[in-house]
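Database features (TrEMBL):
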- 49-259: region 'Disordered' (REGION)
- 67-80: compositional bias 'Low complexity' (COMPBIAS)
- 99-109: compositional bias 'Low complexity' (COMPBIAS)
- 110-124: compositional bias 'Basic and acidic residues' (COMPBIAS)
- 125-138: compositional bias 'Low complexity' (COMPBIAS)
- 191-209: compositional bias 'Pro residues' (COMPBIAS)
- 219-247: compositional bias 'Gly residues' (COMPBIAS)
- 248-259: compositional bias 'Basic residues' (COMPBIAS)
- 371-545: domain 'Tr-type G' (DOMAIN)
- 380-387, 430-434, 484-487: GTP binding site (BINDING)
Amino acid sequence: MANPRVHEIASELGVESKVALEKLKEMGEFVKSPASSVAPPVARRLKKKLIEDGAVPTEAKSEPAAKKPAGAPKPGAAAPTPGPKPGAGPRAPKEEAAKPAAAPAPAEAAPKKPADKPAEKAADKPAAAPSDAPKPSAIPRPMARPGQPRPGNNPFASRQGMGRARPGGAPQRDGERRGGRPGQPGGAPRPGAPRPGAPRPGSPRPGAPTTPGAAPGRGAPGRGGPAFAGRGGRGRGGTAGAFGKGGGKARSRKSKRTKRLEFEMREAPTIGGVRVPRGDGSTKVRMRRGSTLADFAEKIGGSPADLVTILFHLGEMATATQSLDETTFELLADELGYKLDLVSPEEEDKELLETFDIDLDEEDDEEDLEYRSPVITVMGHVDHGKTRLLDAIRSGNVGAGEAGGITQHIGAYQVVQEHEGEDRSLTFIDTPGHEAFTAMRARGALVTDVAIIVVAADDGIMPQTIEALNHAKAADVPIVVAVNKIDKEGANPAKVRQQMTEYEVVTEEYGGDTMFVDVSARTGEGVAALLEAVLLTADAGLDLRANPNREVRGIAIEAKLDKGRGSVATVLVQSGTLRVGDAIVAGTAYGRVRAMINDAGERVEEAGPSTPVQVQGLSSVPRAGDVFLQTEDDRTARQIAEKREALERNAMLAKARKRLSLEDFKTALDEGKVETLNLIIKGDVSGAVEALEESLLKIEVDDSVDLRIIHRGVGAVTESDVNLATVDNAVVIGFNVRPDTKARERAQREGIDIRFYNVIYGAIDDIENSLKGMLKPEYEEVQSGVAEVREVFRSSKWGNIAGAIVRSGTITRNAKARIIRDGIVLADGLAIESLRRFKDDVTEVKTDFECGIGLGKYNDIQLGDEIETTEMVEKPRD
Ligand SMILES: Nc1nc2c(ncn2[C@@H]2O[C@H](COP(=O)(O)OP(=O)(O)OP(=O)(O)O)[C@@H](O)[C@H]2O)c(=O)[nH]1
């Protein structure tokens with residue numbers, strides 16, 4: 001089929017050629033004259049644009065729309081509308097459009113022909129069949145026109161509305177990116193995601209009282225109404241969103257958004273010859289750590305290959321599947337008008353746990369809560385007596401108490417103090433100082449209920465006292481000040497109180513709300529009073545309760561590898577009761593509790609809230625601050641640990657991006673990131689190494705560049721060479737040698753550029769070019785596969801899908817495609833947006849296999865066309 005000429009399109013629509021030309025110009029397509037022909041996709045866009053913008057006389061407008069059901073903007077819009085622009089006709093006020101739920105049902109709005117009018121209309125137009133629904137962009141916001149189908153009984157509207165109105169926990173229905181989870185394709189339900197129909201507390205409950213908005217929708221006697229009402233009412237957070245507000249809003253928003261995207265696609269300047277959907281500068285893109293360009297592409301609806309190209313033009317090289325760091329994504333996001341929203345490790349972990357149905361924020365029922373001891377951390381300046389005080393608290397207790405025994409340092413201990421006639425226990429974290437406190441807090445773990453700030457009375461407030469104060473304040477932990485060393489001569493407890501007021505810590509004696517207790521860790525004086533003060537402070541401001549009868553949650557506070565017992569970890573149970581035999585996971589360590597000992601070194605069978613115990617049986621050593629969880633079974637524990645490990649690995653990989661490659665040396669030099677090109681030379685014989693070194697040092701470059709050979713040697717490239725390269729940001733040159741496996745792995749992880757040569761001149765040339773900034777990676781286009789179109793499936797949602805058979809090579813999802821018809825290239829550089837075998841999305845399809853290929857917006861596919869795919873591969877240099 002020949003490409004249509006502009007005047008032909010114009011006359012088909014009944015507009016003047018110059019209007020069409022003008023429109024083409026607006027669209028960014030520069031066409032000389034009405035006799036010029038345009039490619040079919042452009043022709044189609046032009047028609048759509050002309051219709052949308054109201055340039056087409058009404059009669060002409062409805063005609064092509066009726067002829068081409070798939071292209072019809074929408075059932076309602078296909079009907080002749082008076083006035084120059086669709087939507088400019090009589091319209092209900094905007095507010096009504098936005099809130100159809102609150103609006104009266106059609107029956108009330110248009111009393112003449114109740115609700116069967118919209119139903120009739122929908123039935124009239126075959127285009128209205130949901131499967132053939134037009135692209136959202138073609139829907140010109142017509143919802144509130146009188147007499148048009150209302151969202152309440154419009155199949156499209158209700159469908160979309162319901163999609164939006166799901167309660168937080170329900171799996172996602174549509175393939176919308178907006179709500180899609182980072183790292184998860186589209187909106188596919190996550191494995192193990194919260195079950196549908198099992199809403200979380202706080203989410204709208206199925207069967208909750210119907211909101212007023214739902215009533216008109218249900219009550220409307222239109223044909224679509226009741227059927228959809230029934231569906232919407234089931235487990236979807238009520239029907240209001242399904243029919244009214246949600247539906248209407250979602251629809252108009254989507255349409256606008258898509259339009260904007262399309263607009264921007266057209267207007268966007270191309271970078272490196274490709275266009276990708278752009279953001280408006282504030283469009284958020286949520287990415288996980290260690291994501292790849294392919295992930296980013298999925299989020300913005302572009303193609304990974306295009307992003308590779310763009311990034312390349314921004315001076316960064318990456319493959320589509322390589323984990324990238326935050327800076328690289330920022331660069332890309334900035335360029336494309338997006339705002340990067342990097343998922344924090346905590347959020348990431350939370351999401352991971354959610355996939356296992358574990359919700360860390362889940363709250364217990366009031367009646368299940370029981371008293372637990374407060375957990376206390378001691379902080380203060382060096383030598384003010386933290387350790388001694390912790391000892392005094394413990395030994396004072398042990399001395400007075402029954403246990404006697406050998407005390408065991410497990411990282412925390414419990415003491416008992418009589419308080420208001422009652423024996424109360426207190427749990428002390430046995431690692432003094434705010435480093436541990438901060439380290440744990442940095443990992444999102446806050447175990448401390450009360451902080452004791454120790455200040456030596458003979459020394460007063462010191463820098464770390466202030467730091468400790470700030471840490472406690474930042475964590476919103478109440479404090480008690482222990483004024484220590486009062487036995488010492490020159491002790492001035494009053495001065496400490498006075499100094500503290502400068503930091504807004506005012507003693508109760510001065511009318512403040514912080515308790516100060518004078519103690520001597522040496523003599524034990526005041527220690528009991530200190531414990532009482534802690535209890536009073538805790539009771540005054542904290543809810544010291546936890547549910548001992550649930551699965552265990554806690555924090556690992558200390559862990560080590562013990563020769564005989566393997567991994568031993570002290571955990572502080574926060575809720576639930578930990579028992580021997582429980583399946584547990586802490587960070588990336590998992591296992592079953594083999595044995596537990598308490599702070600007195602005794603074996604125990606169980607540990608409840610606020611009880612520290614040392615646990616044996618974990619697969620590896622968790623870190624202090626790792627959240628400790630009981631899982632249903634070993635398998636879950638292992639899976640969580642493995643997933644966490646994978647996430648960490650990804651994050652690590654992202655950090656280890658290329659540090660310095662020969663290609664980007666000049667850029668790095670120009671940007672002042674490097675001053676010298678450091679080289680490490682390894683070769684098979686010493687003569688070669690020397691020759692190479694000599695020749696390299698002779699390379700003439702201007703004074704601004706310095707070339708240094710920081711290490712040379714004979715033999716394979718080893719891990720230690722790579723380590724050196726890591727430290728000194730060097731490039732490794734291997735002459736007739738290869739790296740060993742460890743070195744290769746490490747180089748990959750650290751992003752070290754290792755080059756191999758077998759002719760000296762090759763190396764010299766490359767280095768010389770690199771110093772001059774002329775060494776560009778060379779890519780070549782290779783044909784990767786050819787498929788023949790056997791059938792064309794029309795899908796309104798995905799565009800046309802080519803049912804094809806692969807004739808040669810492999811068709812891959814990341815490749816670029818071109819369409820060849822009768823030996824002529826019709827379109828090039830198309831992204832393969834979907835690749836399927838039967839119902840499954842696949843990443844590649846090999847020769848002789850059939851597949852479905854979707855080319856996104858490009859729809860001009862015919863029987864017999866060839867789809868050829870190409871990939872850019874970096875040309876090896878040696
Ligand atoms: N006279 C007297 N000396 C004390 C008292 N408390 C601690 N000391 C001494 O002060 C010195 C420091 O005590 P530590 O308990 O090690 O102090 P710290 O704050 O834990 O010090 P770092 O671990 O270095 O941060 C030691 O020599 C203690 O014996 C006290 O109440 N009276």
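Using N, Cα and C of the backbone, Cβ positions are placed for all residues, glycine too.
Each of the binding-site residues G380, D383, K386, I486 was scored by other CB atoms within 10 A of its CB, and the lowest score goes to D383. Mean predicted confidence for the domain 'Tr-type G' (371-545): the pLDDT average there is 86.
Among the binding-site residues D383, T431, I486, residues whose Cβ is positioned under 6 Å from ligand 1 are identified as D383. There are 22 other Cβ atoms within 10 Å of the Cβ belonging to T431 (GTP binding site).
The DSSP secondary structure for K386 (GTP binding site) is helix.
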